[in-house]
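Working notes for the structure below.
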């Protein structure tokens, strides 16, 4: 086992604080509408330019092991905030730095670290409650656009695209961000349920120009096994022909004689039909077929339910307003399923998302949720160069998470003002002793840090801005760094989602509290590499 180096007390805290400061100082220059960019060198390709706090934090690795531990703890703050709220990573880093700085001073002066931490925790709880009390619900489209614009560093186009996407696919819908092949940014919305399986035979195509199958008001037959013989299906196929409606068959596979029979019937005009493979694999395939059944108001025919193909009736088939099948995907628009059943299925998937620990499963469940609840929107981000596209994509990602968070929990005045205003909640927090009281005061001072940093990045004096904000107690009144003017931030569209502000403070205080209560640090001793002997000169004999 390699030898370890151990540091104690103030020696450990100093090293750790130095690491915290290096990382936080690099991240905090990006805060606010006039925040600067950070250029990150890459081992391959062009350098990356970003204004996203968590991207900067993830790139920082320090040579000194003890300093690096401090930096990594704050990096964890940014990552956690990014995972939970998707934005607010720079605010979280600034808050963590402020709490650790003040906390380290207090411990050095002889205060009890555990009581300080208890005081910090009490203060954070009170502020979070105050933030929730003052939250405003977001309902209008222009408010969603404002949140997106603020998060995208004042880019109104991004805000507009996000508001439009959320309007089209709903709050549960999936919005994905991709890099465009052109210089323009564009939005594409797929309404209804889409899955990545196309037609099994080109003979099913009804629209030759667009090379796709279009079925108006079709019946939908959902079967979890392979279909190789249609004998058992004849009664239901005849009933579909009588109704003169088209039919979509979704099965594990349709092969051989069954596929040939369907194609011949389609070409002769007896039965408007198309067949596609079922989406997904294994258990997820079964779940997705049940989703389609609930969406279309049909029954997924499976042996588990004891339903045989020969017993299938028209009532067991699903219905939809329209189905469009392309070479590689199928879209079911406006399924005839009951709203209550769809809502019940949505709630079930939501609880599965909360319970799962796997990121992969969570992503797949969210995709299923979106397909049931609304649709999928794709924002393709354009730019003149690859570097510009990547930088813009970072901002769109931030903005997308911020708009989601805003719809979820509401909004507060932005620019760090909400935290400053919430400080009044600390007046009623009861401390058990002087050290706890000092912990509460640490948070009172720390929550000024975001406003000060935004002001400094905009070239203003942080203390003067904070002083002026204190003169007027109205919750929504604050300083707009973009215009360098005071006013009602709600009216000016300077707003932050409650979830982002709350998560930033909670995560920052959680990690900062751990750093303040650290008394010893252990790291591996750096190995002294033996010097490599010089190569002998060529052509010499030994």
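From the backbone N, Cα and C atoms, a Cβ is placed for every residue, glycine too.
Pulled from Swiss-Prot, these are the features on record:
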type    : residues                                         : note
BINDING : 30, 31, 32, 33, 51, 87, 88, 89, 90, 91, 415, 496 : ATP binding site
- Message: Sequence gap of 6 or more, Cβ distance under 8 Å: name the residues on the same chain that satisfy this around residue 30 (ATP binding site), in order along the sequence.
- Response: 36, 37, 38, 50, 51, 52, 53, 56, 90
- Neighbour tally for residue 415 (ATP binding site), based on other Cβ positions within 10 Å of its Cβ: 27
- How big is the ATP site in terms of the longest C-alpha to C-alpha distance among 30, 31, 32, 33, 51, 87, 88, 89, 90, 91, 415, 496, in angstrom? 17
- Message: Give me the count of other Cβ atoms within 10 A of the Cβ belonging to residue 88 (ATP binding site).
- Response: 32
- For residue 32 (ATP binding site), the same-chain residues 6+ apart in sequence with C-beta under 8 angstroms from its C-beta are 415, 453, 454, 457, 458, 481
- Counting every protein chain shown, other Cβ atoms within 10 Å of the Cβ of residue 51 (ATP binding site) number 21
